[in-house]
């Protein structure tokens, strides 16, 4: 019988439920249990694929091509499991499914209501994940904050599941914030009110995770336990830590892992967290600082690139390097030039993105890395920018571009994929998900991966224009990764350069703590070597031609 853990949040949004869920999954997996995870998002969008990163942050792409909440990235990285489109459900999806069934006549003329039709659809999605994953434990995070009107159908559905699957097979965890006032005193009243709001919809929390930026003493735990009607053992302090990867160990040391196993009636097995403890020990070690520039469109909101950031850290931790990310707005590069803004960095990364705003700054950054021998990693749009920059150099003209930004460009080295030309809808229509890529022996990409074929996750409509393949290759561009039919260019690189590699896919989605992605590992290693060499010379060297 599958066990279910439902995680809600109170007091404020962004209280850390996603990291908490991911950490709980890690504790259960360390005890030998199989785990799957679901995020229930209360917004009416079908998925975040068409949402602004400023509204939602990163869109995380699953192997089966779903555009999902960034929390799924945390789940995958912490638990080291590949999730699917079943793991992210939105209110938009639920209502769309129910209305479609009503239009087909599935409800036989009945009046469609939130209860039971919407709640039944929510429960069906949870059950579908449990059946398909065959997991011992399914953890479900309910987005938003208890008290929000948008979350009510989800809360009602998980309340009903207590009866559907049996009380012994369900655990409710509530994550709250303990704010402090100017005297330094932590206040429990918001948590008490949040627990009461949860009770008002028929749910009594079994565990309270208390977020705070300072230690929580036993008196406060006992007070919360009294008002929430839970064991003191079930009031778990979660202080702010230096690294999110410390959270599973904090929860384990507070006894949460054993408590969950006990309450769910699972076999009591000791956790194997040695690899995780070794990871955290490496994070805490003193390391050489390595400045890396991330040149993007949404750099004001770091969550827009959260998987890229984590992938950089994974590779840096392995090599005992403290990566110092310099957040560079691409529009600033356009105004001020790359030499001024990229001075003193030893690696340049241009991540994925869409739209014309800031594109010339990204192209200039890619060209600056090429000219000055600074290690470069381009991801998706970052690969297209590198292609445009190189082609402008080879063809001797600035009139080289992607048709996404200039449909009338004389040299469209990046063009819309043929199977995208008749598509008018935006949502869920790109080239999405896992696709194979054949690597060319003797290239940096092949050496980094150490194999002939890989599978990577994609999210794009535009691709390298094969009309320019021959002329660019003859000028020194190395095409090191291709689709199996050899029609799609997946990786490009430059041979006489410390590291200039760019991929059409998103390698960041498959990086894991303790198992960094090969392209990020190679990039960080090359940047570290450039740092050592740079101590004997002044960086940067010269302005790029594209600035």
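Glycine too: its Cβ is placed from the backbone N, Cα and C atoms.
Bear in mind that the values here come from a model prediction, so they are computed numbers and not experimental data.
Within the same chain, the residues at least 6 positions away from residue 380 (active site, nucleophile) whose Cβ sits under 8 Å from its Cβ are 351, 352, 353, 458, 459, 460, 503, 504, 505, 506, listed in sequence order. The active site, nucleophile annotation in Swiss-Prot covers 380.
The feature active site is assigned by Swiss-Prot to 506 (among others). A coil conformation is recorded for residue 506 (active site) in the three-state DSSP classification, outside any helix or strand. Of all Cβ atoms in the protein chains displayed, 23 besides its own lie within 10 Å of the Cβ of residue 506 (active site).
What Swiss-Prot lists as active site is 508 (among others), and the listing cites sequence analysis. Contacts of residue 508 (active site) defined by a Cβ separation under 8 A and a same-chain sequence distance of 6+ are given as 307, 308, 310, 311, 351, 379, 517, 520, in order along the sequence.
All protein chains considered, the CB of residue 191 (UTP binding site) has 27 other CB atoms within 10 Å. The UTP binding site feature in Swiss-Prot is assigned to 13, 187, 188, 189, 190, 191, 192, 223; the stated evidence is sequence analysis.
Mapped onto three states, the DSSP output places residue 192 (UTP binding site) in helix. What Swiss-Prot lists as CTP binding site is 13, 148, 149, 150, 187, 188, 189, 190, 191, 192, 223, and the listing cites sequence analysis.
Taking Cβ-Cβ distances under 8 Å and a sequence gap of 6 or more within the same chain, the neighbours of residue 16 (ATP binding site) are 175, 211, 238. Secondary structure at residue 16 (ATP binding site), as computed by DSSP, is coil. Swiss-Prot lists 14, 15, 16, 17, 18, 19, 71 with the feature ATP binding site.
Listed in sequence order, 349, 350, 351, 352, 362, 366, 502 are the same-chain residues at least 6 apart in sequence whose CB falls under 8 Å from the CB of residue 382 (L-glutamine binding site). Per Swiss-Prot, L-glutamine binding site is recorded for 54, 353, 381, 382, 383, 384, 404, 461, and the stated evidence type is sequence analysis.
Of all the Cβ atoms in the protein chains shown, 27 others lie within 10 Å of the Cβ of residue 141 (Mg(2+) binding site). In the three-state DSSP scheme, residue 141 (Mg(2+) binding site) falls into the strand class. The feature Mg(2+) binding site is assigned by Swiss-Prot to 71, 141, with sequence analysis given as support.
As annotated by Swiss-Prot, domain 'Glutamine amidotransferase type-1' applies to 291-533, with the evidence given as sequence analysis.
Under the heading region 'Amidoligase domain', Swiss-Prot lists 1-266. When averaged over the region 'Amidoligase domain' (1-266), pLDDT in the model lands at 95.
Residue 188 (UTP binding site) sits 53 Å from residue 404 (L-glutamine binding site), taking the CA atoms of both as reference points. DSSP classifies residue 382 (L-glutamine binding site) as helix under the three-state reduction. Using a 10 angstroms CA-CA radius around residue 17 (ATP binding site), none of the binding-site residues in 187, 223, 381, 461 qualify. Counting only same-chain residues at least 6 apart in sequence, those with a Cβ under 8 Å from the Cβ of residue 381 (L-glutamine binding site) are 350, 351, 352, 353, 354, 362, 460. Highlighted in sequence order, 9, 20, 21, 141, 175 have their Cβ within 8 Å of the centre of the Cβ atoms of 14, 15, 16, 17, 18, 19, 71, the residues recorded for ATP, and are not part of that set.
Taking the C-alpha atom of residue 189 (UTP binding site) as reference, the shortest distance to any of the binding-site residues 14, 15, 54, 149 belongs to 15. Across the fold, the C-alpha of residue 14 (ATP binding site) and the C-alpha of residue 141 (Mg(2+) binding site) stand 12 Å from each other.
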